[in-house]
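Chemist: One structure is given below, represented as structure tokens, and several questions about it will come after.
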């Protein structure tokens, strides 16, 4: 065990046989060409399968569409960033000079989380990495309440509200992109011609900005008495 990583191994609940895999998983592309991107690709697939399997077995009455939405919520975005932070991954991320301070950025935390999973898989086997993933996710999965959880993303929910009321779908477009490459802010506009509505919101990616725009439009529709029909 490499001394400086012994604490991290304890937090992860896994001891690397080849610690260079862990180093690669923690290294951002701003530092070197030997970075975490390939491991991130692998870890993304491993994580998606493990979570899909546990959801399939645990929620036997849930339809395919709902399972997909729930899996998406668990393997993307804020969930991964929060898990990465809880496992102290942000304290070990290796960044180049151009990315200093980026160890708290959500996108980097998401990527590193997936890369570490890819590294554990290569360092061991599928059964081992599955066990580690389920340990990390256990508090989240055990607390899932299908009666209250929002498994539908905002764009999907908005689409259903509009279709249920025989209204055309909104058109999304990027208004502006501000900031440096690693700190971009996207401003997205959504237009509903049938309702004569124009809404805009910002996010650190186009996808996030579109979701926030959809959330705003849902709120406006709610004020007009338009809700999703159960």
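Just so it is clear, glycine is given a Cβ too, placed from its N, Cα and C backbone atoms.
Pulled the feature table from Swiss-Prot, pasting it below:
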- 44: active site (ACT_SITE)
- 114: active site (ACT_SITE)
- 40, 111, 114: Mg(2+) binding site (BINDING)
- 5-125: domain 'RNase III' (DOMAIN)
- 153-223: domain 'DRBM' (DOMAIN)
Chemist: For residue 111 (Mg(2+) binding site), write down the residues of its own chain that are at least 6 apart in sequence and whose Cβ falls under 8 Å from its Cβ; none is a fine answer.
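Modeler: Residue 111 (Mg(2+) binding site) has long-range Cβ partners 36, 37, 40.
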Chemist: Other than 40, 111, 114, which residues of the same chain sit close to Mg(2+)? List them in sequence order, counting a residue when its Cβ is within 8 Å of the Cβ centroid of the site.
Modeler: 36, 37, 39, 41, 43, 44, 110, 112, 113, 115, 118
Chemist: Over the domain 'RNase III' (5-125), what is the model's average pLDDT?
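Modeler: That region's mean pLDDT is 89.
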Chemist: Using a 10 Å cut-off on Cβ-Cβ distances across all protein chains shown, tell me which of the recorded positions (40, 44, 114) has the largest neighbour count.
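Modeler: Counting Cβ neighbours within 10 Å, the top one is 114.
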Chemist: Going by DSSP, how much of the domain 'RNase III' (5-125) is helix, how much is strand and how much is coil, in residues?
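Modeler: Once the DSSP states are binned, the domain 'RNase III' (5-125) shows 87 helix, 2 strand, 32 coil.
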